[in-house]
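J.: Sharing the feature lines straight out of TrEMBL:
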{"type": "BINDING", "residues": "B:ARG48, B:LYS54", "note": "NADP(+) binding site"}
{"type": "BINDING", "residues": "B:ARG130, B:SER131, B:SER132, B:GLY287, B:LYS302, B:PRO303, B:THR304, B:SER305, B:SER306, B:ARG328", "note": "FMN binding site"}
Number of protein chains: 4
Amino acid sequence: MSHNSFGHLFRVTTWGESHGPALGCIIDGCPPGIQFTEAEIQTYLDKRKPGQSKYTTQRREPDQVRVLSGVLTSEDGVMTTTGTPISMMIENVDQRSKDYGEIARQYRPGHADYAYDVKYGLRDYRGGGRSSARETAARVAAGAIARKVVPGLTVRAALVGMGIHKIDRSRWDWAEVDNNPFFTPDAGSVELFAEYLDGIRKSGSSIGAVIEVVVEGVPAGIGAPLYAKLDQDIASHLMSIPAVKGVEIGNGFEAATLTGEQNADEMRIDADGNPVFLSNNAGGILGGIATGAPIVARFAVKPTSSILTTRRSIDVDKNEVDVMTKGRHDPCVGIRAVPIGEAMLACAIADHYLRHRGQTGRV
Amino acid sequence: MSHNSFGHLFRVTTWGESHGPALGCIIDGCPPGIQFTEAEIQTYLDKRKPGQSKYTTQRREPDQVRVLSGVLTSEDGVMTTTGTPISMMIENVDQRSKDYGEIARQYRPGHADYAYDVKYGLRDYRGGGRSSARETAARVAAGAIARKVVPGLTVRAALVGMGIHKIDRSRWDWAEVDNNPFFTPDAGSVELFAEYLDGIRKSGSSIGAVIEVVVEGVPAGIGAPLYAKLDQDIASHLMSIPAVKGVEIGNGFEAATLTGEQNADEMRIDADGNPVFLSNNAGGILGGIATGAPIVARFAVKPTSSILTTRRSIDVDKNEVDVMTKGRHDPCVGIRAVPIGEAMLACAIADHYLRHRGQTGRV
Amino acid sequence: MSHNSFGHLFRVTTWGESHGPALGCIIDGCPPGIQFTEAEIQTYLDKRKPGQSKYTTQRREPDQVRVLSGVLTSEDGVMTTTGTPISMMIENVDQRSKDYGEIARQYRPGHADYAYDVKYGLRDYRGGGRSSARETAARVAAGAIARKVVPGLTVRAALVGMGIHKIDRSRWDWAEVDNNPFFTPDAGSVELFAEYLDGIRKSGSSIGAVIEVVVEGVPAGIGAPLYAKLDQDIASHLMSIPAVKGVEIGNGFEAATLTGEQNADEMRIDADGNPVFLSNNAGGILGGIATGAPIVARFAVKPTSSILTTRRSIDVDKNEVDVMTKGRHDPCVGIRAVPIGEAMLACAIADHYLRHRGQTGRV
Amino acid sequence: MSHNSFGHLFRVTTWGESHGPALGCIIDGCPPGIQFTEAEIQTYLDKRKPGQSKYTTQRREPDQVRVLSGVLTSEDGVMTTTGTPISMMIENVDQRSKDYGEIARQYRPGHADYAYDVKYGLRDYRGGGRSSARETAARVAAGAIARKVVPGLTVRAALVGMGIHKIDRSRWDWAEVDNNPFFTPDAGSVELFAEYLDGIRKSGSSIGAVIEVVVEGVPAGIGAPLYAKLDQDIASHLMSIPAVKGVEIGNGFEAATLTGEQNADEMRIDADGNPVFLSNNAGGILGGIATGAPIVARFAVKPTSSILTTRRSIDVDKNEVDVMTKGRHDPCVGIRAVPIGEAMLACAIADHYLRHRGQTGRV
């Protein structure tokens, strides 16, 4: 049991607060012989990094990762995992010094301030402490290695909705995702999102978003029937991301509105003699087990709780107060959740791949 | 790590297949001194039991639970937990003998048949084996005890949507839930659901549903910030129920469409001097920790995969075949998921209550 | 986390008390495709069964195991595991009805009575409840299946010391173990042990013993360097057996008296070109990892706490009392610990085998 | 499941190799509100530190710990735990650069070199990599905090035997332990040990040792009956220390030679009306549960495997070679195991204390 770990055979434990000296993670159970460079990890971290556009917080963090253990490093910097724990650390740099007087005493609506105090009797109020989005840098670093555990795996995510606007799925183009600050796969939506979010940002407000993660190359058979279901662990992994309020697999909540005929994914044998599904309502998972079809998961991110509008709240002495959350914030935290969603899926699948190999010897 | 357990300090492990001699569960870690009777457990099992109305499968199972360990039993049948593992068993009675020839060789669309064979190389094809809805009887038995772990806890669920029809939430009345075969809290929806489901049933089709679970009396402070988030474990627990494709907390996916102002739950001090939330968009959880507000979770159940319409599929020898699933089935498995959802929430909360008490000593 | 489970990928959870209706276990994570019969399991259970000789308790239990789930059974009773949880149950038959008045209120020295009351506030005092040696029947059943997980594994144990007497290791003959009621591999020690234990039994006393377990065919590479060390898990598994007070691997405590030169196991290449150790002080494990040499572990079992001599104790109301433990008891519980030790080693090795296969893909 | 963690509610994960940039640990689940300073942790680290006398390796490591997360730090350096993960790091400084050519290719007898290569297919051969005694610094840091989790706990260890020499227990004086380089509690043994170990050191040999750990102030009731036995977890924790080959509780292996009358710990009521044991053969644990008597555990440490005498071995290409392990080594690693044993016991007890509080609410 652990409060700060996820996964079992590929097990990630994260640590660190927003305004401490550093944050990081340990990967325990990574197979030996996997090769990577710090630069590769960095490309994923850079995608999540704050300050990339006017739509993300202006905090300036280099988010430079340092691998402290678990690898043999060649002269040209290629790291090979040895099977022992991989410790990665990212130093916090831009911890703007300020007076936390009010935040230390007042509970910001939508934040975990009140909940922490009730639970622990004290909290690290600087920048959200452990609940800061900064913690997710550690996940992204872990995800960069997880991707390499399963041969031939492709993990990609995209923003598919922001506030009341959804993308046009008929225009989906993975190549577009990295061409715009919103990670939308629909080039036609970029201008709309830009205008929409500009308005929200300027008014000091915020907005929610929906992200979709698609994983291709998942070996059929990983997962398990009941309490180690692959979809269950995906749900758990995605719900662990701060601000996530909903998770669905395949056609998700829409499945509740369908008939059995509409929902069934029929099967045929393809030209190569392999089983193939004619649709993917199931999102690649049946009975908790991967079928070989692409895994499709979506998650809903609530609007950033920090807004410039005054809200009613209370303080630590149970006085009623009005709170306005100043400071640097993302108007739509959902955007930066895109690489985080990828990382969490990569970790979930790496873990289940090793578990399946362990129990069945089948890969 | 376990494939068939959930929870940590209140840990439930289930076993058994649809057509084996029995099924059951072990509760490990239940606090000592909790009192119950087998009759109490039975009331929850009866709610989930098949054959209660024409809208659920006509398989006839008494679903009679027997407690085999972990209790001291008084002369009048009151059982007191001793802190040791509680083993409960339910015998399977109505295992209609039949020829499984076709089902043994053909993969039913929407079922886990194909996935099991890919994973394990063999499977128990009788009645869905481990993936049968019968397994959920063990969860309901565990949930009946879990409810008693947290003093003052109330766990209730209701069906809030079936196919394209949703209930009118303004007519919500908990007292109605047990007055109709659909577990809807909206008396005004009963006739509509009856007519709708009759049509579906008669045509040999099936339909999905959405269930909402509400838990009151949850002690503020249970849960944890990141990878033992209460919402994360709720998502995991609900997604472990067969046929569930989506889970949300509070306003869930709708949160993605809201602004920070709309989504924030403001706080005040009530007449008794206690903190109170003026709304509950968060569904009772902030930063993974219970706030004391009611916990609200919803989950989407896909339509029963067994339908009388022929669908295209393949068999174990990779021949293309047409499959029609005869036999006794629920036209809307979502209905019987209502008591299961309650049980899973009760278990999740019991577990987090004990974990919180362990780490912090605060209750 | 669990209080009543051991293992991770091959995970066993036991339940049941001495005087309840039944006891049993669940094996979760057993690989699919393993074949066995109930009769095979029974041979191991029979070895552990009470009432086999005058040297073990005269309680009469058939200890008949019933497999309730997780297998496909052929017409001639051959069971094949499906990868789902295997539930096994053994009914208690000979629960001699008696007046527990005194035992319910008095703490028997050396027993866990006092500890249970302090921990839980109540206890099942009938026959030792959960701490009864009867629980170990479930382990033996699990061990019977565990043996089959690792191809070519041989797990054997023997009693090597009883009280002040040790066997003569130069006369070690595995074939002797099942020829005498003490499980000694030294035929020359049988008469001595018989006479010694007769005296102890007749005087209402009891005596301790040392058991050695040897496992051959352990694949080199299983285990892990630090907190999943194979020797660590063996120590944990053996120490979980009731009445065990010490565990050692290889030359164990004697290693503390040796020099580096004496203790080192040198290596050569054998005629087939394979690495071979010239001695086995390490007991087959280096750095927590199996080397391929036989694994050798020993454990010390304390004398049965139930004796006919009156001892000073207290009761539940903190009165000072004199206690004499009547009833049926083993004068040397160490004897029946022999098959239990085998079972625990088999389970530990099966678990590590699956873990190693999972992480490294090497077998 | 984890390969590099121990404990459940008080969970420690360590990382780092002997010759990497740093090593460290994460404590997950530490209760909030516990206060300490880095200087306090340092006192324990200093006790374990190499280079303290001529009897320990001459590697010079400051072993300076840095707390990176999980605390609020006051202006005068007092740290208060917040309940979030505590990350601690110790940088490696004295990594003497050298040619690892031979060690990289040859398997040193008694070391884990061969086992690592068999398991992982590669290894970090520099200074023993993950299996280096340096890893234990992380444990000692964790133990320093664990000691504070249970109010009133005293954890002390001492060396009670070295090679063929044992201390005279009648001269036991805890105050002596820190007065000599051997951590013996028997002042009368210091000269003997000094002379003995000098001879061993000068001849390039090494010797084993036995360490005893005594814990006072353990709350009665912590632990659990079967697979979460306190003695089982102590055995596991101690066996996880590199070079440990045996573990015993209370009178341990001697118990195997005793009768039930000799072994029973009788009870009386003391002058204050509290239960008291008249002896402590059980070492403070009955049925896996702490009785309130002092917990007594011993462990055997094998002689350092690195010796200056040439031993026969093989290399990675299966050539037969002769190996002599040069470099800086402890002639008796058992000495430095004394503070490590304390740390492991402190962690085990902290973990069980939280688990007991969680399940039962009793403290």
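Cβ coordinates come from backbone N, Cα and C, glycine included.
Can you tell me where each of these features sits in this structure?
T.: B:LYS54 (NADP(+) binding site) falls within neither a helix nor a strand when secondary structure is assigned with DSSP, and so counts as coil.
Around the Cβ of B:LYS302 (FMN binding site), a 10 Å sphere holds 31 further Cβ atoms from the protein chains shown.
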J.: B:SER132, B:THR304, B:SER306: which of these binding-site residues has the sparsest Cβ neighbourhood within 10 Å?
T.: B:SER132
J.: Under 8 Å Cβ-Cβ to chain C, which of the binding-site residues B:ARG48, B:ARG130, B:SER132, B:LYS302, B:THR304?
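T.: Near chain C, the qualifying binding-site residues are B:ARG130.
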J.: Chain A sits near which of the binding-site residues B:ARG48, B:LYS54, B:SER132, B:LYS302, counting only a Cβ gap under 8 Å?
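T.: Listed binding-site residues meeting the cut-off: B:LYS302.
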J.: Where's the emptiest Cβ shell within 10 Å among the binding-site residues B:ARG48, B:LYS54?
T.: B:LYS54
J.: May I ask for the distance between B:ARG130 (FMN binding site) and B:LYS54 (NADP(+) binding site), taken between their Cα atoms and rounded to an integer number of Å?
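T.: Between the alpha carbons of B:ARG130 (FMN binding site) and B:LYS54 (NADP(+) binding site) there are 25 Å.
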J.: Among all protein chains shown, how many Cβ atoms are found within 10 Å of the Cβ of B:ARG130 (FMN binding site), not counting that one?
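T.: Result for B:ARG130 (FMN binding site): 30 other Cβ atoms within 10 Å.
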J.: Quick one: what's DSSP say for B:ARG48 (NADP(+) binding site), helix, strand or coil?
T.: helix
J.: If I take the Cα of B:ARG48 (NADP(+) binding site) as reference, which of the binding-site residues B:SER132, B:LYS302, B:THR304, B:SER306 has the closest Cα?
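T.: That would be B:SER132, the closest of B:SER132, B:LYS302, B:THR304, B:SER306 to B:ARG48 (NADP(+) binding site).
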J.: Express the distance between the Cα positions of B:THR304 (FMN binding site) and B:LYS54 (NADP(+) binding site) as a whole number of Å.
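T.: That separation, Cα to Cα, works out to 15 Å.
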J.: Any idea what DSSP makes of B:LYS302 (FMN binding site), helix, strand or coil?
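T.: Coil, per DSSP.
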J.: Compare the C-alpha of B:LYS54 (NADP(+) binding site) with the C-alpha of each of the binding-site residues B:SER132, B:LYS302, B:SER306, and give the closest one.
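T.: Checking each of B:SER132, B:LYS302, B:SER306 against B:LYS54 (NADP(+) binding site), the shortest Cα distance is to B:SER306.
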